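Marked as transit peptide by Swiss-Prot on the basis of sequence analysis: 1-39. For 40-312, the entry in Swiss-Prot reads domain 'Deacetylase sirtuin-type', with the evidence type sequence analysis. Residues or ranges marked as NAD(+) binding site in Swiss-Prot: 61-80, 143-146, 254-256, 280-282, Cys298. Look at Swiss-Prot and you will find Tyr105, Arg108 tagged as substrate binding site, backed by sequence analysis. Residues annotated as active site, proton acceptor in Swiss-Prot: His161.
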Amino acid sequence: MSLLHFATRRLILQVLRELGLKAPPVHKTLKICIAMSRPSSNMADFRRFFARAKHIAIITGAGVSAESGVPTFRGPGGFWRKWKAEDLATPEAFAQNPSLVWEFYHYRREVILKKHPNAAHVAIAACEERLSLQGRRVVVITQNIDEFHTKAGTKNILELHGSLFKTRCCSCGNVRVNYNNPICPALEGKGLPDPNAPDAQIPLENLPRWKTTGDFSVLFLLDASPLYPSNLSCSHPVGAPALSEVADLGRWVGTSSLVYPAGMFGPHVALRGIPVAEFNTVTTPVTQNFRFHFSGLCGTTIPEALSPHESEKTG
């Protein structure tokens, strides 16, 4: 068993102990049947499952924010200057060139501050609010660091990778919300994505600092973020993996299923016979394991899927 699988399993077991639950076994026949089945694109069938579900987990990835105009930094052309995002989002990259890493995240902050939640974000928030009045629970697990779900009104949310708008002191570890743009004067006008743009080479003393201690600040990127892999087992300590055990309906929205840890949740849920619906513009390596797959822009498919079902209580 890999370290990543072990960490996820450990968190799942921790949650189940706290809830007084036991992990149900995965039947081998169930595995085979799920793997061999083809996902359905019948929206009416999906909505019948949706109408009966009491605990709904919605997992979102870069695709849903891409429809708001946010670069995904994945796939062909997914570069900032000449760098891949994953090459910059590491402790090693930050230690070697903190100026370059801060330029990259300054660019991302500037882009996101000019964008807005789209129809998919709004539909998810409206669904959560509506179902909560019916005694049903919706939780959103997002890989995105743009806070669009929160801006759209979602309340019950786990930000697996943290936020571009929280900073952490390198010395005391405290975290603060920071929407200043630029986050420090030295980053004004920096971070251009053009491959020919020169590196700013900002002196260390001019990079973001914690006001009270004077120590350096870094973006508070959580859990499985490559920049802070040590937070995997302590940030949002139990919520996301637990949902793979107690949810009775899962939705996979605009995510490639390749990014850990979220990439493991959908298959884990599906192997326990829980209906999982994938909403994406493309199929993914695990699409065949899911009960449903809906192809198309999330801003179109999600509002339809999450709209009130005729059987819902209205009063």
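The backbone N, Cα and C atoms fix where each Cβ goes, and this holds for glycine too.
Taking the features listed in Swiss-Prot, we show where each one sits on the structure.
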{"residue": "Gly61", "record": "NAD(+) binding site", "Cβ neighbours (10 Å)": "27"}
{"residue": "Ser65", "record": "NAD(+) binding site", "Cβ neighbours (10 Å)": "27"}
{"residue": "Gly69", "record": "NAD(+) binding site", "Cβ neighbours (10 Å)": "12"}
{"residue": "Phe73", "record": "NAD(+) binding site", "Cβ neighbours (10 Å)": "18"}
{"residue": "Tyr105", "record": "substrate binding site", "Cβ neighbours (10 Å)": "23"}
{"residue": "Arg108", "record": "substrate binding site", "Cβ neighbours (10 Å)": "21"}
{"residue": "Gln143", "record": "NAD(+) binding site", "Cβ neighbours (10 Å)": "25"}
{"residue": "His161", "record": "active site, proton acceptor", "Cβ neighbours (10 Å)": "24"}
{"residue": "Thr281", "record": "NAD(+) binding site", "Cβ neighbours (10 Å)": "13"}
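The closest partner of Gly61 (NAD(+) binding site) among the recorded positions, by CA position, is His161; the full candidate set was Tyr105, Arg108, His161.
Mean pLDDT for the domain 'Deacetylase sirtuin-type' (40-312) in this predicted model: 81. Cα of Thr281 (NAD(+) binding site) to Cα of Tyr105 (substrate binding site): a distance of 27 Å. Nearest by CA distance to Gly69 (NAD(+) binding site), out of the recorded positions Tyr105, Arg108, His161, is Arg108.
The subset of binding-site residues (Ser65, Phe73, Tyr105, Arg108) lying with their Cα within 10 Å of the Cα of the residue listed as 'active site, proton acceptor' is empty, i.e. none.
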